[in-house]
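Here's the structure, in structure tokens; my notes come after.
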Amino acid sequence: MLFKQQAWLRQKLLVLGSLAVGSLLYLVARVGSLDRLQPICPIEGRFGARGQAEFPLRALQFKRGLLHEFRKGNASKDQVRLHDLVQQLPKAIIIGVRKGGTRALLEMLNLHPAVVKASQEIHFFDNDENYAKGIEWYRKKMPFSYPQQITIEKSPAYFITEEVPERIYKMNSSIKLLIIVREPTTRAISDYTQVLEGKERKNKTYYKFEKLAIDPNTCEVNTKYKAVRTSIYTKHLERWLKYFPIEQFHIVDGDRLITEPLPELQLVEKFLNLPPRISQYNLYFNATRGFYCLRFNIIFNKCLAGSKGRIHPEVDPSVITKLRKFFHPFNQKFYQITGRTLNWP
């Protein structure tokens, strides 16, 4: 009899313990979803004037889970209509540059509750086959969002592809354009490293960086090498300026985004006329990875893929010196055009 009473008591305690743990998890989730948020989130500028285009920030925070279901295709048309969700053309595009930090910038901007990102690179404007499918095909590649949110996509090939500026202009002549750049020589080596890794994965051999970056016949910088050409930022920007005024561009310092991301993100918030919502709380340094990771709330954290931050091969110092000397006049012109001076050698 005593044994049965003890067993019954243990069972009751187990049930009560489960209820307590469940209640605690619920409270943690509630606190996490409301953390650092204010009741109203005004969107300023061309996305709506302050006090006129207000919407519950709590609803936008809720989209983290809800919109994930829509992206997976688990939503019916009735559910889409019920939540007033739409697929909008982007109001801002990260147009480049390759290996400048475009993925990191996109993921960090997605911390803002008024921003919704396209998860994949669409390659609409730089791919003739995709572009021929039309603007509605492009729109349907965008994520679901609330009408008051802004959609952002990134395709770094846009910056260097000749046809892209005119094509984007025809879609939206007032769109905001983000360019994230790194020190040109570092970016070129990073570009090479990514290609090298792909070759090694397929058991293929590849030239050393020095042999590609320096013309063996002239011993000068090889401007035919794509990694070098991409780092001549001013040449590509001048082509964009034929269609868009410089005020529609914002330059993000990709090197600073790695070491000190918050000030860079705050500048982007201001450029996009977004209320300041990204804080130091959202960014924490992961010593194991050596990079900042993202904190959406006390439950949901995210680090960039392991392929980010590859270790660069050693490069002959004389080649690095030659490249930096080559890029220097282009860098000075880039500073002059954009109005932003970066700490490049």
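A Cβ is built for glycine as well, from the same backbone N, Cα and C atoms used for every other residue.
Keep in mind that TrEMBL annotations are predicted by a computer and have not been checked by a curator.
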Exercise. What is the disulfide partner of C303 among C219, C293, as given in TrEMBL?
Worked result: C293
Exercise. So for H312 (3'-phosphoadenylyl sulfate binding site), how many other CB atoms are inside 10 Å of its CB?
Worked result: 13
Exercise. Of all the recorded positions given, namely K99, G101, S190, which is spatially nearest to C303 (disulfide bond) at the Cα level?
Worked result: G101
For this session: Take the C-alpha atoms of C293 (disulfide bond) and R103 (3'-phosphoadenylyl sulfate binding site) and report the distance between them in angstrom, rounded.
Result: 13
For this session: Measuring CB to CB from R310 (3'-phosphoadenylyl sulfate binding site), give everything in the same chain under 8 Å that is also at least six residues away in sequence.
Result: S190, T193, Q194, E197
